[in-house]
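Notes follow the structure.
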Amino acid sequence: MAVAVQRPLRGSRVSSFYPVKTLPSLSSLDSAFQLQEYISLLIRLDVHDVDSIVSLPGKVTFKDAEEKSSDLSDQAERKSDDPERKSDIAVDRGCWIYEQLRRLAQDLSHPLITMLQQECTRITCPEMKAGEWLYLCVAHGNDGAMEQCCAIDYILHTLDSATALLNSPRAFPSRLSIPPTSYRHFSSLARRLGRIFAHAYFHHREAFEQAEAESSLYARFLKLTGQFDLVPTEFLVIPPSAVLSGRKGRDEDVEPPRLLAAAVNPPREREDQNAPTAEQAQLPNVREKSPPGLSSDSSIGTDSPRRLGRNRTDTMVFSEAYNVAEELA
């Protein structure tokens, strides 16, 4: 018996090509890429429902239950009345995070980066910055040396390197089971992808707001990093009001991320109201500053203790100090 093939009619909208009326259960998807297809269905069903897209579906393994027992109990209460979301499949936590990051990197291309390419050029944005921080690029192949490149090149290099890492058989030998040694890549990937949102928000606000209204991609990123502790809160420089529904992110009182939150001892820095500003500080003092996430009392998103004074990433430098060092070189 011949099966009729549905074809889109001329003039049809993209949303009408293959609409998802009801969400099938995860166990009903018989495919090797089960989680990828399930996330795709969730996004097609409602791209703005980031809670449903990011929340871990079905049962979890014993290891996951020990780590996130409180969070999973809250999710179970919310999903108990929804028969469409019930599943009898144990979803591996590492595989779920991997597929979420993989889809996030894929969705960054459109609409956000396609909009940025129209206005973010080598002339308008010669540096990849978000406030006072200057991001150095390591994707130039000079034995891992860090170089400065324009913002749009940095964004494309970051997206290319993230895609290459996610498809690397050495880092992720299988999409069905993520080894514990590969978990360390999740925080690095999320942190670097988050810089794209930060630059777009502080330097291309209209493009950011338009892309967010269409895809809610940063809201999904924020939910993912918060639920699975991928990025410390001090790295999330975009104010929460930017993703609140019904409220514009373009606020006149929003300031770029400052150096104060990235100090080695933030509470002490806040108490010293008479301390000189970053512009008045000398170069040796500036070099003692470290990127966000260095505070010793912050353990979010870290699995191993870090020594005081050790940078989480060497690709972040204070822009004023970098310019002075370039002039002195």
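Every residue gets a Cβ built from N, Cα and C, even glycine.
No curator has checked TrEMBL annotations; they are predicted automatically.
These figures come from a predicted structure and were not determined experimentally.
Under the heading region 'Disordered', TrEMBL lists 67-86 (among others).
Sequence-distant neighbours of His199 (Zn(2+) binding site) (same chain, 6+ apart, CB under 8 A from its CB) are Cys120, Cys125, Met128, Lys129, Ala130, Ala151, Ile155. DSSP assigns His199 (Zn(2+) binding site) to a helical segment in the three-state reduction. The Zn(2+) binding site annotation in TrEMBL covers Cys120, Cys125, His199, His204.
According to TrEMBL, the feature region 'Disordered' maps to 245-315 (among others).
If you look up TrEMBL, you'll see 274-283 (among others) marked as compositional bias 'Polar residues'.
Marked as compositional bias 'Polar residues' by TrEMBL: 293-302 (among others).
Take the mean position of the Cβ atoms of Cys120, Cys125, His199, His204, the recorded Zn(2+) site; other residues of that chain with a Cβ within 8 Å of it are Leu116, Glu119, Thr124, Ala151, Ile152, Ile155, Ala200, His203.
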